[in-house]
Amino acid sequence: MDLFPLARPLMSLMDPETAHGLTLRALRLGLGPTRRAPDPVSLAIDLFGLHFENPLGIAAGFDKNGEVPDAMLAMGMGFAEVGTVTPLPQPGNPRPRVFRLPVHRAVINRLGFNNQGHAALKKRLLARRKRPGILGVNIGANKDAADRIADYEAGIRAFEGLASYFTVNISSPNTPGLRALQNKAELQNLVARVLAARKGKTPVLLKIAPDLNAEELGDIAEVALEQGLDGLIVSNTTIAREGLVSGVNANETGGLSGAPLFPMSTAVLRDMYRLTGGRLPLVGVGGISSADDAYAKIRAGASLVQLYSALTYDGPPLVARIKQGLAARLAADGFAHLKDAVGADVNL
C-alpha cells in the first residue's frame, strides 16, 4: 500500500523532522509499498563478496536507528544503510534542524548525529539477523568523545556479524571537527585502527565530503588504496551554497543535500574514480532524483548509488522509476550488465 500521494499535501505543511517521524512509523506498521516484480538481470552486480539485485540503496540518515531496513528492502531497494549510529545515545542539535528548499528540491540539515546509540541498534539488528537483504551500518563518533577513532573501533566491534558492510562517516559537517579526520595523517591512523578492529572480513567503506580540494582527494585515494579500504561513498552533504536563490531556509547552516549537490558530488565521484584507477568500488550519492541522475553517477564511476532527499519530494514510486529507467538506458547504450557501464565517461 502506498499512502504517499494521499499524505504528501499534509506532510509538506509539517516540520520536516516531524513528517519524517510519521513516515518511519507508517513503515513500521507495514504501510509502505512492496516490489511486485523481480529486478532486471542487467541491474545486478557483485561487490565486496555480496550480490546486489540492483544498485539502488537508501542512504544513511533516513533510518538512523535501524527501525525500517526491511521495509526499504521490500520497497525495492537493492540495499539499505542504517545510521549514523554512535556508541552512546545523543540528542543532536536543537530543533528546528531540518529545512526544506522546495524550489531547489533540496534539504538542509544540522541534525548532529542524533541517534539511540549502539545498544538500541544492536538489539534491533539481532532481532532481524536471519532476514535476507544487504544491510550496511554507518558508524560515527559521539560529539564529546575524547578519542573519536575509538568510537569507530567500537562500532566495528558492536556490529560485526550483523552488518553486511560498514560505512565510516567522517564527513558530516554537523559534528564540530569531525571532517578533520579526512586529513592524511589522521586518516591513516583512523583507517589502520578501524581495519585492525575487525575480526573478520566485513567490508569497510569510507564516506567523504564533497568540499575537498584536489590535494585532499588525492590523499584519500592514496590512503584508501594503500591501506586496503573496500570502497568509498561519494559524497556526504555540502556546506557550499552556490546556486541557491535567497529565500526561505536558503541561509540556514548545515549540510545541503538534494538536487544542488548533484553536480559537485558527481564531479568528486569522477575525480575519485580517476584517482583510484577504477580499482576501488565507489558508491555515488548526492542529488539523485531520476534514472538519468543514477546513470550519470554510474558512468562517472559508481558501482552502486544511494538516494534520500528525492524521496521526500517524490515518495516511494521513485524507486521503481529509477530502476526501470536505468535498465532502459543500459540497454539503449549496449551494456548487457551494469558493471560494463561503470566509469564509461572517465578517461583513466
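Including glycine, each Cβ sits where the backbone N, Cα and C put it.
The active site, nucleophile annotation in Swiss-Prot covers Ser172 and rests on sequence analysis. According to Swiss-Prot, the feature FMN binding site maps to Ala60, Gly61, Phe62, Asp63, Lys64, Thr84, Asn138, Asn169, Lys207, Ser235, Gly258, Gly287, Tyr308, Ser309. The substrate binding site annotation in Swiss-Prot covers Lys64, Asn109, Arg110, Leu111, Gly112, Phe113, Asn169, Asn174, Asn236, Thr237.
Taking the features listed in Swiss-Prot, we show where each one sits on the structure.
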| residue | record | Cβ within 10 Å |
| --- | --- | --- |
| Ala60 | FMN binding site | 27 |
| Phe62 | FMN binding site | 23 |
| Lys64 | FMN binding site | 23 |
| Gly112 | substrate binding site | 19 |
| Asn138 | FMN binding site | 26 |
| Asn169 | substrate binding site | 28 |
| Ser172 | active site, nucleophile | 25 |
| Lys207 | FMN binding site | 24 |
| Asn236 | substrate binding site | 27 |
| Tyr308 | FMN binding site | 21 |
Rounded Cα separation (Å) that holds between Ser172 (active site, nucleophile) and Lys207 (FMN binding site): 9
Nearest-integer angstrom distance between the alpha carbons (Cα) of Asn236 (substrate binding site) and Ala60 (FMN binding site): 10
Tertiary neighbours of Gly258 (FMN binding site) (same chain, Cβ under 8 Å, six or more apart): Leu101, His104, Arg105, Ala106, Val107, Gly287, Ser289, Ser309, Ala310
Substrate site, defined by Lys64, Asn109, Arg110, Leu111, Gly112, Phe113, Asn169, Asn174, Asn236, Thr237: further same-chain residues with Cβ within 8 Å of the Cβ centre: Gly61, Thr84, Gly92, Ser172, Pro173, Thr175, Gly254, Gly255
Asn169 (substrate binding site) as reference: those binding-site residues from Phe62, Lys64, Tyr308 with C-alpha within 10 Å of it: none
Alpha-carbon spacing, Lys207 (FMN binding site) to Arg110 (substrate binding site), which is rounded to whole Å: 17
Three-state secondary structure, Asn138 (FMN binding site) (per DSSP): strand
Distance from Arg110 (substrate binding site) back to Asn138 (FMN binding site), taken between C-alpha atoms, in Å: 17
Other C-beta atoms that fall within 10 angstroms of the C-beta of Arg110 (substrate binding site): 20
Nearest of the binding-site residues (Phe62, Lys64, Tyr308) to Gly112 (substrate binding site), judged by Cα-Cα distance: Lys64
Taking residues Lys64, Asn109, Arg110, Leu111, Gly112, Phe113, Asn169, Asn174, Asn236, Thr237, which bind substrate in the record, the widest Cα spacing (Å, whole number): 16
